[in-house]
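Have a look at the structure below before the remarks.
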Amino acid sequence: MYDFLLRHLQPRWAGVAMAIWYGVLIALVLICAVAPRGAFTYMRL
Amino acid sequence: MHVLSLEWLAWMAGVTALFWLSPARLRDWSLVAATAAFLLLNAPVSLALLAAIVVATYWGAGPASTSGWRMLAFLAVVVSAMVAFKLRQGAATTLAGADVAIPLGLSYYTFRAMHYAIERYKGKLPPHRFGDFVCYMAFLPTILVGPIHRFPAFHRDRLRRQWSAQHVSAGLERILYGYVKVAVLCNVVVLGLFDRFIAELPHEAQGLRLYLAIVQSGLRLYLLFSGFSDVAIGFSRLLGYTIIENFDWPYLARNIQEFWRRWHISLTSFVRDYLFDFVAAATRQPALGMVASLVVIGLWHEVSLRYLYWGLYHGMGVLVWHQFQRVKPWLGKPGGPRLKPLRDALATLLTVHFVWFGFVLVEQPSLAAAFRVWSTILWPW
């Protein structure tokens with residue numbers, strides 16, 4: 001994805017865009033992990 | 001511990017740190033030790049079975065100079081052991097309605113052992129030692145949910161492997177996408193929000209409710225399984241290995257044969273190489289080879305009637321598609337090149353619905369129940 005962004009943006013802005021993208025995804029995963037349903041409790045070993 | 005739990009995340013981080021901080025000659029053994037510790041803590045039976053299969057495969061199956069009967073006897077023993085566990089699981093699920101867990105990772109490491117034994121017998125493996133084979137079989141990232149990676153590619157990576165920030169970055173990104181698929185898209189969107197939407201539909205719309213449940217089930221299976229594969233592939237990248245991809249947007253396939261080239265790729269390529277080619281060459285009936293392959297893929301999940309029906313359903317689907325290819329030239333291309341995107345979209349919709357309707361066979365307790373679901377959806381009046 002970073003390579004794709006580099007083709008369209010300056011390296012600095014590509015880096016910022018990646019940081020925002022990863023930040024959003026990590027935040028979503030963490031929010032879902034503490035959700036009442038318990039996103040990580042689906043599949044037991 | 002749960003698959004994809006925060007504990008598993010901690011295991012991945014710890015193992016990766018231990019791996020790269022160990023002296024180069026001890027790295028692989030630190031990984032083998034981590035796998036052994038993980039299985040000992042979570043599934044000791046599986047550890048014992050893995051050790052027995054590693055020893056039996058290396059010393060029992062033998063190289064190209066040994067008798068073919070010895071190799072066949074080895075394959076028969078390994079397959080029988082796997083079938084015995086899967087029969088137990090199938091019987092318990094069908095009769096008692098409860099899940100009986102088979103030893104963790106058994107389906108994957110037995111197939112890896114079979115691949116190794118067959119290729120070694122054919123004399124197609126690169127020069128290696130017992131330790132190389134142990135490292136291949138006890139590769140922690142793929143122990144839980146595959147993919148069924150191959151020995152030559154693994155061994156090549158092992159010899160060339162070195163620390164690379166690019167690999168680590170790609171691995172972390174892949175793990176993140178895996179977690180997003182499972183935790184966000186599957187558990188929250190598909191199971192949580194979609195469930196609520198289905199529950200709010202009027203009770204009279206039984207056909208629509210069942211149809212949406214089928215869609216939900218298809219999305220859940222794909223997101224879960226491809227999410228797990230993403231994490232396994234990402235974890236491997238952290239350790240410097242590039243292993244086989246398992247999914248390639250299967251729900252965008254335009255026909256059922258293409259679907260099977262994009263779904264669980266490591267299993268379908270295994271069955272193609274070791275079963276389809278053999279059956280097709282021996283009987284000169286590729287159709288028989290296709291049906292046999294899809295039945296085996298079905299039974300690989302669980303040895304039970306419902307998975308047998310599922311395999312036959314897909315086998316028949318592929319056969320019908322092949323017959324359709326014969327009459328297709330006479331039908332021409334309605335609408336010409338201008339309507340190709342529409343024809344492709346319709347073909348994709350038809351294929352994905354064929355696949356989703358097939359999942360009913362494995363989710364319902366009997367064939368009659370599956371037919372009831374199909375008839376309620378297709379003829380709700």
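Even glycines carry a Cβ here, placed using N, Cα and C.
For B:6-24, B:36-61, B:67-85, B:92-111, B:131-154, B:175-199, B:274-301, B:307-324, B:345-362, the entry in TrEMBL reads transmembrane segment.
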Is it the case that the transmembrane segment (B:131-154) and the transmembrane segment (B:36-61) touch, counting contact as three or more CB pairs under 8 Å in which the residues of each pair are 6 or more positions apart? yes
Counting only CB pairs under 8 A, let me know which of B:6-24, B:67-85, B:307-324, B:345-362 has the most with the transmembrane segment (B:274-301). B:307-324
Under 8 Å for C-beta pairs, could you tell me which stretch among B:36-61, B:307-324, B:345-362 has the largest tally with the transmembrane segment (B:67-85)? B:36-61
List, by number or range, the same-chain residues at least 6 past the transmembrane segment (B:36-61) whose CB is under 8 A from its CB atoms? 1, 11, 70-71, 74-75, 77-78, 81, 103-106, 109-110, 113, 116-117, 120-121, 130, 133-134, 137-138, 140, 143
